Amino acid sequence: MKAYLDLMQDVVDNGFDKGDRTGVGTRSVFGRQMRFNLQDGFPLVTTKKVHLRSIIYELLWFLKGSTDNTWLAERKVSIWNEWALENGDLGPIYGKQWRSWQCHDGRVIDQISEVIEQIRTKPNSRRLIVSAWNPAELPDESISPQDNVREGRMALAPCHCLFQFYVADGKLSCQLYQRSADLFLGVPFNIASYALLTHMIAQQCDLDVGEFVHTFGDCHLYRNHLTDDIVFEQLRREPRALPKLVIKRKPESIFGYELEDFEFEGYDPSPVIKAPIAI
């Protein structure tokens, strides 16, 4: 995962100091990319321990089409707690857009099912795309996430907003476009989540895995993470060997996976580094 540390160092060295929605402030760069050959190991950050249960459960939650934080909370996953209503509602975020995109003519599109069918039947298509960016349901930045949900909008605009698949030589690759990237807290989750999704869809489509390509718009470090015990502590650490992902069974569909289906052999990270969340 040297590419991840190199990007973090790039932001430290070359970033612009900017204000942001949260009021914390960031140092950011624009237009960067990382590439991971999934044949070389699973791209899980090793310079700090990453909470795998949260990553897996969140992805399964997206795939369920759920926008109810209660499902995550019942599994002791707290990553969405700050933005949800008391009843768990988060508005039409990722799960709804992936599984139930509402069209003006009344149709509802299950983008995940459609893209898997296209990978199977039209692997050379250049339209193997899933988008979470629905301008009609984006939040109003002048009010709170909770008030947005009450008005039928997303609690948060999607940060990882569009991904595309590519099939060649019997391998499935994925490119993610992430408009806004919290490099310290969010990006390790995002890398692992989309790499895992690529493995899952490849298995469902009887393909090997190729590359995961992670493309960024605004890639930033929050100012309160630019401290000796957070960002600079991570930069001092040496990356370790990547783990190997083992998927223990093949469910009948992409929607049948469970937490216990995934094992990450050889994951030996450095200790966790805690950091505050910008809300």
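If you go along the chain as it appears here, the first residue is 1 and each next one adds 1.
Glycine too: its Cβ is placed from the backbone N, Cα and C atoms.
Note that the coordinates shown come from a computational prediction; the quantities given were computed from them, not determined experimentally.
When Cβ atoms from all protein chains are considered, those within 10 Å of Cys159 (active site, nucleophile) total 17, not counting its own. Feature annotation from Swiss-Prot assigns active site, nucleophile to Cys159.
Applying an 8 A CB threshold to same-chain residues 6+ apart, the list for His220 (dUMP binding site) reads Val11, Gly15, Lys18, Asp20, Thr26, Arg27, Ser28, Val29, Ser180, Ala181, Asp182, Leu183. Sequence annotations record features per position, and here Swiss-Prot assigns dUMP binding site to Arg21, Arg126, Arg127, Arg179, Ser180, Ala181, Asp182, Asn190, His220, Leu221, Tyr222.
Feature annotation from Swiss-Prot assigns (6R)-5,10-methylene-5,6,7,8-tetrahydrofolate binding site to His51, Asp182, Ala278. Within 10 Å of the C-beta of Ala278 ((6R)-5,10-methylene-5,6,7,8-tetrahydrofolate binding site) we count 19 further C-beta atoms, all protein chains included.
Taking a C-beta cut-off of under 8 Å and a sequence gap of six or more, Arg21 (dUMP binding site) has these contacts in its own chain: Glu141. For the pair formed by Arg127 (dUMP binding site) and Cys159 (active site, nucleophile), distance between Cα atoms is given as 21 Å, rounded to the nearest Å. On a Cα basis, Tyr222 (dUMP binding site) lies 8 Å away from Ala278 ((6R)-5,10-methylene-5,6,7,8-tetrahydrofolate binding site).
In this structure, the C-alpha atom of His51 ((6R)-5,10-methylene-5,6,7,8-tetrahydrofolate binding site) lies 19 angstrom from that of Cys159 (active site, nucleophile).
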